[in-house]
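Take a look at the structure set out below.
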Amino acid sequence: MTESTQRMQFTDSGFAWIVTAMSFFVLYAVNSNFISLGPLLPDLLSHFQVSQAMLGMLASVRIVICDAASGTLVGPLERKLGCRPLVMVGLALSAAGYVAAAFVDNYYIFLLMFSVIPGLGLAGAYIPSNVIVHQYHSKGRALASGLSSVGLSFSTFTFPVLMRLTIRSFGWRASLVMLAAIQVQMVAAAMIFMPNPDLKVKPTQTPIYTSDNIDNSLCADKNGGETPSQPELNKTPAKKCNLDCSIFKNPAFLLFLFAFPFADCGGAVYVTFALQRAVYQGINPLSASLVLSVFGLCSVVGRASSGFIANLKCTRRAFQAAGCVFAAGVVTASSMFAGSSLLLHSIFAGCFGFMNGAQHSLYSTLLVDIIGLDELARGMGIVQMVKCAMAAVCLPIAGYLFDVTQNYAASFLAAGSAMVGGSILYACSGLANHRRKRSMPPMLE
């Protein structure tokens, strides 16, 4: 058996697609955490008797904890421990927090159990579930990433109705226990996240060292599965220090670092307040949960189709993402005209879900294009850190705008404007990355 054949034994194999399927299930459980506040919001308002800005903090604190832990802990731990133990512990910790929250009556203790503890758990589950898919795929990386991320949208399609039915039959506390049960069941799916043995095989040629951390698998694809020999100028590899800041020398990454948080905050506002906005405008709570289901269904279609399109060689992924984010921002701002019509709420939610899902499925693939596979976990962690600053303010501000105006128009208009700004940054990031690749020697592209 040749070395190149040995290296590709697991990569792009049937087992790689099994890993992709398990990532789908884990991401289903992860997103069930993030969207759980929407279906719970009417009951929590009645039970705790606090403002919507205070309830918005439940989602913001959870996102901040998740993103902060992702940026500081998950990257180094993923390199040391691998993806499987992080995901398993994260899901178990999240389940423990929700079970405890089901027995709490004080708002601040509920904040700890519902937001802080699950936030730490989500940090261990989200990034490794994305990284493991890229580790097992090379040729169909964008398609596999898009299909695994469908789990995020499929949970939005099915979970709000499931949770509202549970609340109506057994109460909001039982719905939290049901949510914890989903987390525990997905621990079994995470057990399949074994490290890819192909990545442990050392090539005979001297590897290439570049300041931009070029993914060597891209070079291997263009040279018949063999890594090209090292150029004369790079015979001596640069020593890595504990505080490696070379990733920040990449202008495309710096632009992406702010593009994704702006784009994501609009989606967070829409998912958190879309159901409650429909209820506030006179729609039955159970019927209003269909709004998020339509959002999730269209997001499934958007993610799958976006992954297929992004996998084409002629596709400029950054501009594809920029167009989707811009369209999602316009839809978000326009959705304030839905009024009391369930049909209009569903149409706006469907259009937004399709565009938002399409851009979100490209998140990790765009990072691989910019910084390479080896730096994916650290890059995602840094992006999550910046996103946590946006998450810390966007949902409370959206709730505050409602408290002041007694209308959701200002909240959704601000969210749409943020997404339009994010689309501009996405396009600039794509231009910067294209220029960087053009300036590289042909063998390193």
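Every residue, even glycine, has its Cβ placed from backbone N, Cα and C.
Fair warning: this is a prediction, and the values are worked out from it, not measured in the lab.
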Of the ranges 140-162, 209-231, which one does TrEMBL list as transmembrane segment?
140-162
Against which stretches of its own chain does the transmembrane segment (140-162) lie, if we need a Cβ under 8 Å and a gap of at least six residues from its ends?
12, 16-17, 20-21, 23-32, 35-36, 38-39, 129-130, 133-134, 178, 271, 275, 286, 289-290, 292-297, 299-300, 302-304, 306-308, 310-311, 317, 353, 357, 360-365, 368
Criterion met for the transmembrane segment (174-194) and the transmembrane segment (12-30) (at least three Cβ pairs under 8 Å):
yes
Against which stretches of its own chain does the transmembrane segment (50-69) lie, if we need a Cβ under 8 Å and a gap of at least six residues from its ends?
33-34, 37, 41, 44, 107, 110-111, 114-116, 118-120, 122-124, 126, 268, 272, 276, 384-385, 387-388, 391-396, 398-400, 402-403
For the transmembrane segment (12-30), could you work out the same-chain residues 6 or more beyond its ends whose Cβ comes under 8 Å from its Cβ atoms?
87, 91, 94, 122, 125-126, 129-130, 132-133, 136-140, 144, 147-152, 154-155, 182-183, 185-186, 189-190, 192-193
Mean pLDDT for the domain 'Major facilitator superfamily (MFS) profile' (17-434), as a whole number?
80
